Amino acid sequence: MIRSVVRGTGAALPRRIMKNADFEGMVETSDEWIAQRTGIRQRHIAADDETTASLGEAAARAALDNAGLTPADIDLIVLATSTPNNTFPATAVDIQNRLGMHHGFAFDMQAVCSGFVYAVTTADLYIRGGLAKRVLVIGSETFSRILDWSDRSTCVLFGDGAGAMVLEAGEGAGGIEDHGVLAASLRSDGAHKDKLFVDGGASTTGTVGHLRMEGREVFKHAVGMITDVIEATFSAAGITAEDLDWFVPHQANKRIIDASARKLGIAEQKVVVTVDLHGNTSAASVPLALSVAVADGRIKKGDLVLIEAMGGGFTWGAVLLRW
Ligand code: ACO
């Protein structure tokens, strides 16, 4: 059977680093409060010339280099983002053009922080359905542009960045030993729409709007939703937490990551954490974390890796892959 196999990963971060202490004086907060409640110590913030498209392009080029490929080898780009350069056209098409690609096709996916998990699942279906052979899956965000910088309960949590992965069609026997995407589980429930949203939009206010969140409500639902969808993925693949080599969760809050891993019985040393360095970069957080763990030699060929995310909507999901 056809499997969607990881061929390369890459990342890109804005030049400017903003430390927790840099918020002191802007809003009533402290390095200690932010670090203790979230695990975040710093985040990258995009300059005017750094956009979702430019960061996405840089991450895509890094992933292509890592894969030993060029844009000519790609036939589909799926970009997960909630902060596109324009309402339309899709920022994926902008990235396609920046890469000098005038063949194939490209589109955006919007599932907020779950965007990359949804995008990997979508790319896998295009590959297994025979519509694409090599797909660039990108998560790129500039959440700094939709933050209310006077709201201390949200502005300290998010950062900008991009991560990318090249998936390519490969052969598999159909079992758990195959390389590539092995199982996935996706969920959404719009009943939670008002707990995490942006208060603007093309069809309503005609403005971009700002991020609004009932943090405590999101926190309350997060661990249960995350663990449910991961258990569904484990059971679809016929594995347990012990079989995993790496758990690469959405990087929103260290307390959510720790509580989820504890509930699932995933050992602490198997959890990849980058929230301290990047903050919550929404759809970019999982591919950024993957890219860090590949670059530092933790994730190696043959490893069993679980990615997971939960975000606005709510949307949530998990994908199991063998590297
Ligand atoms: N600095 C200092 N105090 C603050 C800050 C801040 N930056 N922000 C809020 N506070 C205050 C609050 O006003 C509140 O004060 P009060 O008790 O006088 O009213 C107090 O701190 C406690 O606030 P809580 O919201 O109860 O704090 P909590 O421990 O829940 O932590 C947090 C807040 C970090 C937001 C937490 O709820 C959380 O992480 N929630 C999940 C958020 C998340 O993961 N969101 C992303 C989802 S992914 C996506 O799709 C974007």
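Cβ atoms here come from the backbone N, Cα and C positions, even for glycine.
Region 'ACP-binding' is the annotation TrEMBL gives to one range among 6-10, 251-255, 276-280, and that range is 251-255. Separating the Cα atoms of H250 (active site) and C113 (active site) is a whole-number distance of 7 Å. A gap of 9 Å separates the Cα atoms of N280 (active site) and C113 (active site). In the three-state DSSP scheme, C113 (active site) falls into the helix class. According to DSSP, the secondary structure content of the domain 'Beta-ketoacyl-[acyl-carrier-protein] synthase III N-terminal' (107-190) in residues is 26 helix, 34 strand, 24 coil.
For C113 (active site), the same-chain residues that are 6 or more apart in sequence and have a Cβ closer than 8 Å to its Cβ are H250, A252, N280, S282, A283, S285, A309, M310, G311, G312, T315.
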